[in-house]
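Comments concern the structure below.
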């Protein structure tokens, strides 16, 4: 078999001094491939734009070296874990601390954001794995099973599983809905440094210090193949976005592998030393490596890399190539993740204008605010990347240009790669120039909870019409009559609502929560139900099983409302019911029938059946809305995961 010619397809992009002391961790933003975060022994987290020399933002607050950092996919949040075991989460758009999470007893070795819900997983030297709810500032669950430090954590693309790799030579798979370990994958003879889920299929890859990469079938829970003979410990792997191959960042080289059967498609020489992280953007692979206080970034042109076909000769080691193998099948060999998705590759964020929605005010939060700062060191780059006043148009843009190849490379090929393809122009057509007559502004499908102007109202409607031909002077009486138009109707509505709330409050003071909720439901005014649920949601102990039977039909109406505040209240109430009562409902329904007559048990069984029927009805609605983008989609996807046991 002829040995393929290995052309120069990689080049060094830049080298920066990232910290005043040694760099201890770094990560690339996977959403754009253009944002870099570094953690240092100086207890700081610095953010950089790839191929730009200046630091965008410096985050302070940790009191010990930052051992692990991670960006979420939209690149709006960053989490950093320190040597002391503390974890801090920053909101990059607001440029402020969001949460401080305490609980680990040793340094943080690994972090990962949940793909949909606002959760963070952390692995520590204390061998524990913790799942955190960053909105409620608490640990949701603790997973125990490893005997040594947990080096890597990854959520599955559908958000139902968590894979962990540790120094005890094992990979473990955890079921988040059941809160227990699904399987353990032994086989490595050295510490496991990295794990990565296939983007589509039930497949997991793990890389170890024993210089092997193993592929695991997540249906049969067994090894698919094992690639041996890596030139050094495997620290970074990444699947191609379409799942056709796996990239392995080796010592001074990039290797491209297939797994059924195992083979090496290509080897690219890259003098990056020990690469720390990989990302893909614009058909280019970005790799970053660090040494002491310096961070270097490299680019590999994937259009010149073989990703399928026959095996390649290893130019680093003079080893014999593997035998030629047939190409990969076009049909997946195993199950594909069932996950909510949208047409966009990145969910759009609904801006949270309310300060109380970002964090609950407390003296502890104020102390965190004082101790943790986000110092914007380059305002121009910060505004370009994060645009805190514009939550829809985010940069780095989806259509950012590829990094240009250096002059010694084939400039013609580089120019061709930089040109937008006809398919891309078709996918994002250039809009026509607008005419002088503006199009009518449609009323939004979801009315935001926080807005600057009334929905469906115009200021001109409250002023008398003035004819151009007759420029009459505006009379005060006419203006007041127009302004007061509809005022009486609004007063009647508000008076009626106040009367209804007084009725509910009178029942509430008797201490009978169930009767007060029944009275609110009988009024047939969702605004009263929302006001009451906002109070009940603040104290979870008020919830009882018989209260759920009354509230669940109202929650279904709230989830279908056009008002954002109604939907948020419905999601919060439904989440409380699922967390507190769904295990109880399923256990009671699955229990065998009792012997004899037990009236209280029969009543409880009747309530459970009624709640189960209502939850099944709501689950279809939640599933249909889980594909939404922004905050709504995130809440519905989280509810969909909690309701998985109903399917």
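Even glycines carry a Cβ here, placed using N, Cα and C.
Features reported for this protein in TrEMBL:
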- 352-374: compositional bias 'Basic and acidic residues' (COMPBIAS)
- 485-643: domain 'Katanin p80 subunit C-terminal' (DOMAIN)
- 311-440: region 'Disordered' (REGION)
- 16-58: repeat 'WD' (REPEAT)
- 59-100: repeat 'WD' (REPEAT)
- 101-142: repeat 'WD' (REPEAT)
- 143-184: repeat 'WD' (REPEAT)
- 185-226: repeat 'WD' (REPEAT)
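Across the range of the repeat 'WD' (16-58), the DSSP-based residue counts are 0 helix, 23 strand, 20 coil. Sequence-distant contacts of the repeat 'WD' (143-184) (same chain, six or more residues past either end, CB-CB distance under 8 Å): 106, 109-117, 121-125, 127-131, 190-197, 199-200, 204, 206, 208, 216, 218, 221, 337-339, 637, 641-642, 644-645. DSSP assignment over the repeat 'WD' (59-100) gives 0 helix, 24 strand, 18 coil. Look at the repeat 'WD' (101-142): DSSP puts its residues at 0 helix, 23 strand, 19 coil.
If you take every residue in the repeat 'WD' (59-100) and average the pLDDT, you get 90. The DSSP breakdown of the repeat 'WD' (143-184), given as helix, strand and coil counts, is 0 helix, 23 strand, 19 coil.
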